[in-house]
Amino acid sequence: MDVGGALDLYGCSVNVYNAILIFIWVLFLWETYINLRQLKVAKRVTESPEEIKCLMNDVDFDKSRRYAIDKMNFDIVSGFYNILSLSAVLYFQLIAWAWHKSQEHMLFVCSYAPRSFGTTEGSEILFSLLFTVYVALFQFFESLPWSYYRHFVIEERYGFNKQTIGFFIKDRLKSLAVGLVIGLPIISMLVWIIKAGGHYFYIYAYGFTFVVSFIIMFIYPEFIAPIFDRYEHFPDCELRKKIEELAASIEFPLKKLYVVEGSKRSSHSNAYFYGFGKNKRIVLFDTLIKGFKMPGVEADSSANADESSDETQNRGCGDDEEILATLAHELGHWKLKHMTFNLIIAQINIFFMFFAFGQLINVDQLFVDFGFPPSTAPILIRLIVVFQFIFMPYSSVLEFLMTMLSRKFEFQADAFAVSLKSGEKLKSALLVLTKDNLSFPVYDWLYSMCNHSHPPIIERLAAIDAKMGKEK
């Protein structure tokens, strides 16, 4: 196979294809190495650490250990498949093949359409849209068996999966449809902006993505998330009153409080907030609250009887103060402006990537190695090659740094909850969630450093104790 020539970079001859292929395999081997380190820890440690024995006995610990081993083995095998698949895409120049097929099929369709429909000026956008659909369909079918195994074998084995096969397929199809409905217009506009924007197109492209990102941040929780899960206003009760008092005590502008029926798909629990300015919402998963029933569930309880179990009903925090402590942690992210900081970093990163793309867009040799002769690579392909492959080392380093920053933010949010006198309840809530989610509490330091955006439970408990000691 012809993989193109070499790129002259500051007097050095660099084969782009070989460099990318070497990097993705080095990255895969590194990730496999640290996964094997963690797998070794999970197999070696067979007794619950003293710090969490008060809640997780050896039986529960062994179950969490087996769960961790199963997930780790799955990640290693699926990772090996993914690297083989990506290598095949590069080696056989399948990106170019898919693009040419998109051209052929779109030209065939246009031959039966009005003459103006397939004009040369707009044809690249049409080709880009069909190419995107083909890639989305390929990824949909390629990931389907892996997702099925994760949910219906691993998650099912440990009592987490609550989806039926019908729900699973429908959920995946909805994700595909929503992704295309949102993604295709964005791709159309982005290709048009880059083609028409001249030398400073990267400024206009960044401005467009900036606006789109804020629009999506607004419409996703209000209009898109309810497509996948049922959201209800949190019922009037003592817990609701306490949550509103907590929000008011730190001047959090809470406008609405929701509960989401996460139990329909999984027993895992969560809580989060969203919104702009003085229009914030808090969302609690029904699985976070022990014994919680979604409004109206009694009316169809017989139909859903098989979807719930005593084990599921016994999961979650049974103490209101534990739930409040969990929310105090989440609201700490808002009070300490972590979300704003992350948003600023994201915008700087997007602008930098578009600026760098502006310097590389006309370096034809980058795209020859992907099967496109000089000056023939379309805009969308140039975006994919540069953003996904050329920037891969940069993106990997940035991802690691953001993981480290996230860990720091988690410690700070825990400390904020302690400052609200919720330290002990936060500890007990973390222990409950660790047990309920079968989170294996012992980690290899290198694996944890590279993979955990949230610190391990033992580190968090120690930090909370240290903070409470200083507060006394």
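Even glycines carry a Cβ here, placed using N, Cα and C.
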| said: Given that Swiss-Prot assigns HIS329, HIS333 to the Zn(2+) site, pick the one from GLU261, GLU321, GLU399, GLU410 that the record assigns to that site as well. | reply: GLU410
| said: I'd like to know whether GLU51 shares a side of the membrane with ASP369 - going by the topological domains in Swiss-Prot. | reply: no
| said: For the Zn(2+) site (HIS329, HIS333, GLU410), what does the 8 A shell look like? I mean other same-chain residues with CB within 8 A of the CB centroid. | reply: GLU330, GLY332, HIS338, PHE409, GLN412, ALA413, ASP414, PHE416, ALA417
| What are the helix, strand and coil residue counts for the topological domain 'Cytoplasmic' (30-75) according to DSSP? | 36 helix, 0 strand, 10 coil
| field | Cα distance (Å, whole number) from ASP414 (active site, proton donor) to HIS333 (Zn(2+) binding site) | value | 9
| said: Rounded to a whole angstrom, what is the C-alpha distance between GLU410 (Zn(2+) binding site) and GLU330 (active site)? | reply: 9
| note | Fewest C-beta neighbours within 10 angstroms among the binding-site residues HIS329, HIS333 belongs to HIS333
